[in-house]
Amino acid sequence: MALSLESTSFPMLAVSRSTASELPGGFNVSHNSSWTGPTDPSSLQDLVATGVIGAVLSTMGVVGVVGNVYTLVVMCRFLRASASMYVYVVNLALADLLYLLSIPFIVATYVTKDWHFGDVGCRVLFSLDFLTMHASIFTLTIMSSERYAAVLRPLDTVQRSKGYRKLLALGTWLLALLLTLPMMLAIRLVRRGSKSLCLPAWGPRAHRTYLTLLFGTSIVGPGLVIGLLYIRLARAYWLSQQASFKQTRRLPNPRVLYLILGIVLLFWACFLPFWLWQLLAQYHQAMPLTPETARIINYLTACLTYGNSCINPFLYTLLTKNYREYLRGRQRSLGSSCRGPGSAGSFLSSRVHLQQDSGRSLSSNSQQATETLVLSPVPPNGAFV
């Protein structure tokens, strides 16, 4: 998904300046810079760069596909429970897997410097980039809001069933597809001499507007929402820490929140350079860069976006591991409190007084009970719920 400076498209293909100059009316299409395929002769430096990028992407593809398939198998095996985290992790792993499956087409285009997959390939592979990118960030936004609700408004999450969460996950894919449809319909295969290029049917202004819109829906909008949620969570945890210290209560473990935030930050770190590169090509076309430099930047941004999907499975494993430990601790604590005298009264009282007027300090008993109601019991052998 890394376009060249001159071509303003996305998935990854490395288009050179000469390719851009061939487009009608000087249209600076950054369409999958590499998807379109460069036309200038290959130098030794270009051959070495192509070989290195092909090897790196192939390695990323193998590692990422194995990791995400493993995640999907494990998550689907234990998806019988209504644990929200597992429903969303399945969606993230599926998006990563679909994105990684485009690597063979990218590598083939890099090596041959031509597009061999026809008009349907243009539409599917170009659209797949935007589809999976939006599905991932939308799912991460929902996960952040779920954790926010579980910490600050746990009673609101009790009524949310597994079916509700699956519907929400389906909605993220439908919204991502809706945002991707314009590219799917506009992209087409064009012959330029002996080369095949994937180009949009619309003009440069429409293309720039569309890419700017997608930057807003994939980076800016979700970033503002997630940032606001974590700022409020940080404030709530700080207030809760003060209250917990005074009342000698133990704070809920925030490791799950940290891991979700880590996945979000990794997404931004990998995709923000790609988007800045694309928008720079759209709004500042006269860049003092040689074709070789543009290709190298295109290669690096491509590796970053695929690297995100390659690293994510390891973070998903840590996330689910910490989530299971978190639930076990909550259930053990709840079980011991329920066995004590008057536990029912104290539980109901804690639910009523979950959010205190002094700044929403967290009630550990209420949160424990809510997590147990929302999630099925964790078996003693450590299986996923």
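Cβ atoms are placed via backbone N, Cα and C, with glycine included.
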C198: disulphide-bonded cysteine as recorded in Swiss-Prot, out of C122, C270: C122
Same membrane side per Swiss-Prot: M85 vs M287: no
Interface check, the transmembrane segment (124-145) with the transmembrane segment (258-283), three or more C-beta pairs under 8 A: yes
Intrachain neighbours beyond the transmembrane segment (54-76), with Cβ under 8 angstroms and 6 or more residues off its ends: 86, 89-90, 93-94, 96-97, 100-101, 103-104, 106-107, 110-111, 302-303, 306-307, 309-310, 312-314, 316-317, 320, 384
Range from 87-112, 167-185, 209-231, 299-320 with the greatest count of C-beta pairs under 8 A to the transmembrane segment (258-283): 299-320
Protein Cβ atoms within 10 Å of C198 (disulfide bond), excluding its own: 29
Rounded mean pLDDT for the residues that make up the topological domain 'Extracellular' (113-123): 90
